[in-house]
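Peer 1: According to Swiss-Prot, the feature ATP binding site maps to G35, P36, S37, G38, A39, G40, K41, S42. According to Swiss-Prot, the domain 'ABC transporter' annotation covers 2-244, on the basis of sequence analysis.
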Amino acid sequence: MLVFDKVNRVYPDGTQAVKNVSVHLEKGEFCVLLGPSGAGKSTLMNMVNGLVEPSSGEIILDGGVLNKKNLQLIQRSVSMIHQQLYLIPRLSVLHNVLTGILPTANFWTSLVKSFPVKDQQRAFELLSEVGLEEKHLMRRASALSGGQQQRVAIARAFMANPKVVLADEPVASLDPAMSRSVLNSLKHAAQTNGATVLCTLHQIDYALEFADRIVALREGEVFFDGHPSDMDEDIQKRLYEIEHETKEKMQKNHQKALEDSLSFELKIKAVA
């Protein structure tokens, strides 16, 4: 079980990115975090993987506290799928998946035959689970399509048998059909391997289709936590409104910054 217990995060500039978040996620649960940019989604993810410390409250995984004092627990239990893929282009698909065990191994990349047979078998199984055919195993990762590469990243994330997998906008650059295919692969891998998935998305329809649980955030606070079937039209409408309000606010702030910069340049030229 992954537990956020009254978690807060205040940055040095005084910005409170996360406000009193309490969420309990069960083993194997596929949880989607929804909310506009700046809602606190990334901060929550970064606290789980140890990059950011809670200002107060705790994040607990099966009784152990996740923080910088307990990095071994994080390294052993938490895996990450990034929006920006970090595959090694010149390595084969199989070898890229095998690198998923390297944080707990005593060697860097080597020939595939240097990995134990059981690890190679595990990689074969994971690639099959995410829908990559055997013919792709020895191809270079750089030769694959974007959706295929994301499947490789998913398989790699499960290689070390993590308890928690964090997925940061895993379908941001994919078309709708491929996005659904990749999310289906991610959910299937999570169910098969018994891992809890915490996934950030911007698309409400994907969350409603694939999530076991949706947690929606606004300005660091949870305003919805429940099953997709509990997210009625009023809540969905409010979420769209929040997204629109946030975009307008960001655009205004950007415009003001440009105007301030231009004003400063004109003052400098006037003095000169």
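Just so it is clear, glycine is given a Cβ too, placed from its N, Cα and C backbone atoms.
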Peer 1: Find, for the listed binding-site residues P36, G38, the residue with the lowest Cβ contact count at a 10 Å cut-off, counting only other Cβ atoms.
Peer 2: G38
Peer 1: Translate the DSSP assignment of S37 (ATP binding site) into the three-state scheme.
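Peer 2: For S37 (ATP binding site) - judged by DSSP and reduced to three states - the answer is coil.
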Peer 1: Per residue, counting other C-beta atoms within 10 angstroms of the C-beta, which of the binding-site residues S37, S42 reaches the highest number?
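Peer 2: When each Cβ's neighbours within 10 Å are tallied, S42 leads.
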Peer 1: Which residues in the same chain, at least 6 apart in sequence, have a Cβ under 8 Å from the Cβ of G35 (ATP binding site)?
Peer 2: K41, A216, L217, R218, L239, I242
Peer 1: Can you check what DSSP calls S42 (ATP binding site), collapsed to helix, strand or coil?
Peer 2: helix
